[in-house]
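Just below is one structure, and these are the notes that go with it.
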2 protein chains.
Amino acid sequence: MSGLRGKVVIAQGGGPTAVINQSLVGAVLEARKFPDVTRVWGARHGVRGIVNQHFIDLSEATTHNLERVAQTPSSALGSTRDKPDAEYCQNILNVFKKHEVRYFFYIGGNDSSDTVRIVGEYAAKEGYDLRAVHIPKTVDNDLPITDHCPGYPSAARFVASAFAGANADNMALQGVYIAIIMGRHAGWLTAASALARQHDDDGPHLIYLPERQFSIERYLADIDRLYKRHSRCIVAISEGVWANRDAKGKEIPLAADLMRKAGREPEVDAHGNVQLSGGALADELAATVQQQLGIKRVRSDTFGYLQRSFAGVVSDVDAREAREVGEKAVHYACGRYESGSVVIKRVGDYAVRYELADVKAIAAKTRHMPDEFINAEGNHVTEAFRHYLRPLLGSDRPVLERLWAPAVKFGD
Amino acid sequence: MSGLRGKVVIAQGGGPTAVINQSLVGAVLEARKFPDVTRVWGARHGVRGIVNQHFIDLSEATTHNLERVAQTPSSALGSTRDKPDAEYCQNILNVFKKHEVRYFFYIGGNDSSDTVRIVGEYAAKEGYDLRAVHIPKTVDNDLPITDHCPGYPSAARFVASAFAGANADNMALQGVYIAIIMGRHAGWLTAASALARQHDDDGPHLIYLPERQFSIERYLADIDRLYKRHSRCIVAISEGVWANRDAKGKEIPLAADLMRKAGREPEVDAHGNVQLSGGALADELAATVQQQLGIKRVRSDTFGYLQRSFAGVVSDVDAREAREVGEKAVHYACGRYESGSVVIKRVGDYAVRYELADVKAIAAKTRHMPDEFINAEGNHVTEAFRHYLRPLLGSDRPVLERLWAPAVKFGD
């Protein structure tokens, strides 16, 4: 097959990352090279821009502008939280047919891959020649098949750098430090805090992931033990513990208690997901340590939105890979006339190849941390996880050195 | 005068900064060159390490170790919140006399400069030859006389980068974004958020500083107006509004209401300062906007401890100046036998000189943002402030570029 002439539409969906525009620019620059591509349109605010026919013509963006956009965090086209239903997907296809769009690229997470799948199926059913490719991104790193998701390494670098600084801070002024990290169902980003450790006694000393049932009693006992050993303790907690449910799907008392105590009902979004960004969880977890363990200096932070779009903390490995998945998506669609989802395959220590996976295998699935990445006690990560993450964080990581000088001895 | 032979003691006090170890290393490396300096001792955890005679011998630290420590955030010697009283200061002097310490360097903020002043006065009274120099640091930038404080520019760079990312995020997924920034009494760090703006419609659209009375009604009206104009709104708020008091020194209802609503009594430290790090203020300010203005997507963050010790976000101008104030402190004390506080004087656009000020003029005083740096409405900063801060943020700031491509027009 050859000569599928028509337009490209590219869009960005879901939460932003630090390198999501690398994928956009990789795809746009590559698509502009194909003679059969008549125009490269960018949809404003994801799928909503498609159904509203709100496009900009990226065929006319300068290369210099695009290269600088690539270095800018967060979706330059705008994003959306819309999760298209059947009718919405049909409308997308109608717009594509109307304007002879033959190539559709959607940069996003699970929900976006599902949209790519449905629109592709509708086109096939109607016999409309369309190539639809999902380009992965998510700071949560929770897509299946791919070794990791573009966007995750830079967010992980932010988290590791934040904990490295917090560890130095906590050594200087001792106490307990607790930080809440993004990740509703999967603990990948929280686990990245482990890469802040350089010396054996560096924090984080404890890491709680949504993959394991959280227990307030266990949490207090862990902190008590480690605080006695180190005179300080640093704790990384996934925001997912807030939404933790017991084996029968019932809300666990901790989350309910904390919410009630903070006097608020959790905000629920269109997909039924609880909004977890509040600072109250950190406040309450800190207050509990103070009250129950009698430790005076207990501090807490909620990293919040900083971790997904901070300007200037980017893994160079992540930037390169995000660019390449965008470029490869165009090779698959415009060069080989294939549809699917681009995945990263790790083929060395450290090297990768890109492949095209069936989008059905990606859509609406969540990849949790595997058991071999979580320690037996369920309160930290393993060496295997460190080995997995280390190469992704990129080069030029911050210097963290301790003074190395003899203590002055008296009384001889 | 010449030939004051004896030891150096250097210590670090108060909250950490990203470049406080540059000052330490600048002083140590320089002091080791003076033949009259018999030893360079570092006190562990500030003044507490002096009275407990807990020293390490920095004469035996390798240059390589010191140079890498200089790049590491947060006080490498450890810090303390102890604020010495008369007896404590006398004990410090007694330790100095016992070990023939002739040069005392204390890197810190207001409280540390006061300790330098008192110990120096006691030594003079007893006729003990001591040179005591305060080396300034504070992310709060609230010391008088000096143009700015080492540590502030790097923290300001963190805040500006965070808002640049948050602005890109908020453009992609529109709504209201509120962030709480450190600064109990002075708004310097909160004001730094203004440097995230590149385009006229970039956030932060509103900046609330502790130098101006905070009004919840005014806050809601401001957001309502700007949200209607931009379909989004980014707000920077100093944590100091939590502790805001009215003209008669009475707690303003907002702070009291918020605290009560969150079900907590504020923690008060040894100096009577209220602990302000909690996330509840941000949660409440966001909930108020949601409820009163009926805006659905309202998000908030509290930057917390990240802004003062994040590993890897450093202004190169700040790193250089922090190094130089440490080095100059030694020139003044060991070369010229003078005591005082090192201050930075701006002598060009941009250039600086270092001078020695009377420590009495520094100690226990707070420098607020001057009126010419705050706009008439009290909800943003002026061009004069931007001009003041811009050169301090250093080089290689993050790239922030918008797509520049024509909209696709239909229906012709």
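Including glycine, each Cβ sits where the backbone N, Cα and C put it.
Worth saying up front: this structure is predicted, and the values here are computed from it rather than measured.
Listed by TrEMBL as binding substrate are A:Thr138, A:Val139, A:Asp140, A:Met182, A:Gly183, A:Arg184, A:Tyr305, A:Leu306, A:Gln307, A:Arg308; the candidate from A:Glu87, A:Glu239, A:Glu372 that the record includes in that site is A:Glu239. When the Cα of A:Lys137 (site 'Important for catalytic activity') is compared against those of the binding-site residues A:Gly15, A:Gly183, A:Glu239, A:Arg308, the shortest separation belongs to A:Gly15. Filtering the recorded positions A:Thr138, A:Asp140, A:Gly183, A:Glu239, A:Leu306, A:Arg308 for a Cβ under 8 angstroms from any Cβ of chain B leaves A:Leu306, A:Arg308, in order along the sequence. Proximity of A:Gly15 (diphosphate binding site) to non-local residues of its own chain (separation of 6 or more, Cβ distance below 8 Å) is seen for A:Ser79, A:Gly109, A:Thr138, A:Val139, A:Arg308, given in sequence order. The candidate set comprises the binding-site residues A:Asn110, A:Thr138. Of these, A:Thr138 has the most other Cβ atoms within 10 Å. A:Leu306 (substrate binding site) has A:Asp140 as its nearest neighbour among the recorded positions A:Asn110, A:Asp111, A:Asp140, going by CA to CA distance. Comparing the Cα of A:Glu239 (substrate binding site) with the Cα of every entry in A:Asn110, A:Asp111, A:Asp140, these being the recorded positions, the smallest distance points to A:Asp140. Among the recorded positions A:Asp140, A:Glu239, the residue whose Cβ has the fewest other Cβ atoms within 10 Å is A:Glu239.
Look at the Cβ of each of the recorded positions A:Lys137, A:Arg308 and count the other Cβ atoms within 10 Å; the largest number goes with A:Lys137. Within the set of recorded positions A:Asn110, A:Asp111, A:Asp140, the entry lying nearest in space to A:Gly183 (substrate binding site) is A:Asp140 (CA atoms).
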